Amino acid sequence: MKHRYHEAKYFRGLIGGFLFIIITRIKMSISSDEVNFLVYRYLQESGFSHSAFTFGIESHISQSNINGALVPPAALISIIQKGLQYVEAEVSINEDGTLFDGRPIESLSLIDAVMPDVIQTRQQAYRDKLAQQQQQAAGSGTSSSSSSSNTGPQGGTKNGEGAANGEENGSHALAKMMEVDRDVEIPQSKAMVLRGHESEVFICAWNPVNDLLASGSGDSTARIWNLSENSTGGSTQLVLRHCIREGGQDVPSNKDVTSLDWNSEGTLLATGSYDGFARIWTKDGNLASTLGQHKGPIFALKWNKKGNFILSAGVDKTTIIWDAHTGEAKQQFPFHSAPALDVDWQNNNTFASCSTDMCIHVCKLGQDRPVKTFQGHTNEVNAIKWDPTGSLLASCSDDMTLKIWSMKQDSCVHDLQAHSKEIYTIKWSPTGPGTNNPSANLMLASASFDSTVRLWDVERGVCIHTLTRHQEPVYSVAFSPDGRHLASGSFDKCVHIWNTQTGALVNSYRGTGGIFEVCWNATGDKVGASASDGSVSFDFYTHAHTNPGLVYVCVSVCIHLWFFRGLQ
């Protein structure tokens, strides 16, 4: 994600000026804390996590009394649109309520609307234009009137007719698309709601052994939901409160839970937080260890396969390997020159890390220098993933490229360029050598802010499917355990399930908040999804060949459970 602190400051200034205009023209009370909170939420929702963090620190968002759970998604954009409509009305309507010079209300850009003299300037411009047209009409006579009819009222009518036809055609096309969507759409009546979180849910992760779904939220808690006892009729939850020691007492950290990962045995859950601490919990919800050596928020953390080490990445530019049994830091790796964004284990002692510094380091426990450094990206590297055998490393970046690296060479094996905007995340399929599905071809999925998901044949370096049904940035993708299906989650509030062989959309659910994360459980009959409105979801998918079914559960301030039928 782009580090746009200066752009965020510019945006805040622009919005501040616009809101000032609204406030001075309409009697209302708006505090700077409220403006700051809405800007902070906008940055989070737009994917500018680094800018949001910096802005949140400087504006003391953590000390705000605003209940984020009550603020709907896209609140800032909504109030700006309403203010823009008010300014448009001011430009186009006289004080007595009549249209200025008989014109319909004019659409303005946001930049136009914040100009201090926009009303006088626009009205005077139309007066001058009207006077010029009247002079031309008086001097040219009938022929001029006939000529101007092509661009005057009659011309306007023709354009209006064209617009009407276009709107009709557009509506017809939209209706047709919706008809197709109904074939795969999951109805609201099939949703089950699990309530608990009091703010946005950023992440979720299934226990690899049991049907326990962990979720992490902006309410400073993680929760473990037990969905195995009665998956369609209810659930129990454990609340993992993230606290810090102050004055000898445990007090709430008041910071977002940013990352989650279960160990391979499913007995322990690791969490990372904006307070800079990593924590280890038992599956029963008891705090086992608090890991505190980072000097800033933790962006990612991962267990190694053996389960004896935890790896974390932080805004302090370092990565740390922790001893999971003692809670002590085994080694800190200070090789990045900017915040570390993601980490992934190659084996039980070697890992890769990426950063906003555009570099990828491969490091090994016990060595004081990287064993390999990959350079080639021209912007922040958002995510990295080793393939199932640990031989190829995939990386994605804000430079809109996906690169494949090998420890055998310094330059990338493949430089895959197809996305038109930043690539947010990537996932390898659980297929091919080294997996439980060795006969299936290995694939790589990439999710981008261009609203598409792409499936790649890495061996040939080609895109085999482009999945285009999302309408907003795609934040997460996850393969089913057999590799036959892919779940994707977007800020358009939709979770889509795709057939990886054909690229066909199999099932879809539209929630009430942008989707941050999707994940499959170990048996492949449930999919989890966390959302900006505080929800986490999961689906159930049975492997019956004749009448397969799928169920989604959405965890948020509430959790929704959806039942899917007809998954092929």
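A Cβ is built for glycine as well, from the same backbone N, Cα and C atoms used for every other residue.
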>> For the annotation transmembrane segment in TrEMBL, which listed range does it cover: 12-30, 297-315, 449-467?
In response: 12-30
> What are the DSSP helix, strand and coil residue counts for the repeat 'WD' (291-332)?
Replying inline: 0 helix, 22 strand, 20 coil
>> For the repeat 'WD' (257-281), how many residues does DSSP put in helix, in strand and in coil?
In response: 0 helix, 16 strand, 9 coil
